[in-house]
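S.K.: Swiss-Prot lists these features:
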CARBOHYD  N2  N-linked glycosylation site
TRANSMEM  34-51  transmembrane segment
TRANSMEM  70-90  transmembrane segment
TRANSMEM  111-131  transmembrane segment
TRANSMEM  136-156  transmembrane segment
TRANSMEM  159-179  transmembrane segment
TRANSMEM  197-217  transmembrane segment
TRANSMEM  234-254  transmembrane segment
Amino acid sequence: MNMSVLTLQEYEFEKQFNENEAIQWMQENWKKSFLFSALYAAFIFGGRHLMNKRAKFELRKPLVLWSLTLAVFSIFGALRTGAYMLYILMTKGLKQSVCDQSFYNGPVSKFWAYAFVLSKAPELGDTIFIILRKQKLIFLHWYHHITVLLYSWYSYKDMVAGGGWFMTMNYGVHAVMYSYYALRAAGFRVSRKFAMFITLSQITQMLMGCVINYLVFNWMQHDNDQCYSHFQNIFWSSLMYLSYLLLFCHFFFEAYIGKVKKATKAE
């Protein structure tokens, strides 16, 4: 492949972004993610209690706008971080793409890495619509939101290896997922296979997360300076991704395979 095709061009706002200030801010403030998570949990239980006594809100137009905004953000994030990761993969190889800390402070990706971790706080707003519209709130939904927020803020401050893969995969899956949510909220009929594809993509993402953690753990044993992380981070990350993998597999079975079996028996 012609490497000139993969040459990265920065936009002005990406060039002007000061990653040192961003990393310093996160080092000083990452524990606020626990406060956000606590307020989020309080809203879930308090909101559900309050909504038991009143009719649901429709909120179709705000939901379309919300989902579309996150879809556009995720699409741009996926394109920019994806271009950077592809460039590193093609020019320096897999190990460098996993271990290199330049994803946090390099051209193009530095802005989108910080935007990613910050976005995990407003993304908690997804649940507001579920509560106010009195839809079913499953454990996977709020567990995933809380743990991603906590882990991303905790990891960004240390610029740990593997972050580029984690963030790029998440951007990509969210680009598809929020586009699907926007279409559904707007009243479009979307094939059930599309929803299945999204869940399978999430399962693949979690499986890849486990693989990346294994690679980081293996490579850091030989050269921690070139593949920087620490055991505590890998432990929490592995536990998180493994729990996601099991929960998404269970969700896939219950939502798609289990329903098909029940429908077949009913016939």
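Here the Cβ of each residue, glycine as well, is placed from N, Cα and C on the backbone.
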S.K.: Do any residues, 6 or more residues outside the transmembrane segment (70-90), come within under 8 Å Cβ-to-Cβ of it, and if so which ones?
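M.R.: For the transmembrane segment (70-90), the sequence-distant neighbours (Cβ-Cβ under 8 Å, at least 6 residues beyond its ends) are 1, 3, 6-8, 14, 96-97, 100, 102-103, 106-109, 111-113, 115-116, 119, 123, 164-165, 167-168, 171-172, 174-175, 177-179, 181-182.
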S.K.: So which of 34-51, 111-131, 234-254 is most in touch with the transmembrane segment (159-179), counting Cβ pairs under 8 Å?
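M.R.: By the under-8 Å Cβ criterion, the transmembrane segment (159-179) pairs most with 111-131.
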S.K.: Counting only residues 6 or more past its boundaries, what in the same chain has a CB within less than 8 Å of a CB in the transmembrane segment (111-131)?
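M.R.: Residues 13-14, 17, 19, 22, 26, 33, 36, 40, 43-44, 47-48, 51, 59, 62-63, 66, 70, 73, 77, 80-81, 103-104, 137, 141-142, 145, 148-149, 152-153, 156, 163-164, 167, 170-171 contact the transmembrane segment (111-131) from elsewhere in the chain.
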S.K.: In the same chain, which residue numbers or ranges, 6 or more beyond the ends of the transmembrane segment (234-254), come under 8 angstroms Cβ to Cβ?
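M.R.: Sequence-remote neighbours of the transmembrane segment (234-254) are 138-140, 143-144, 147, 151, 154-155, 162, 166, 196, 199-200, 202-203, 206-207, 209-210, 213, 216-217, 220.
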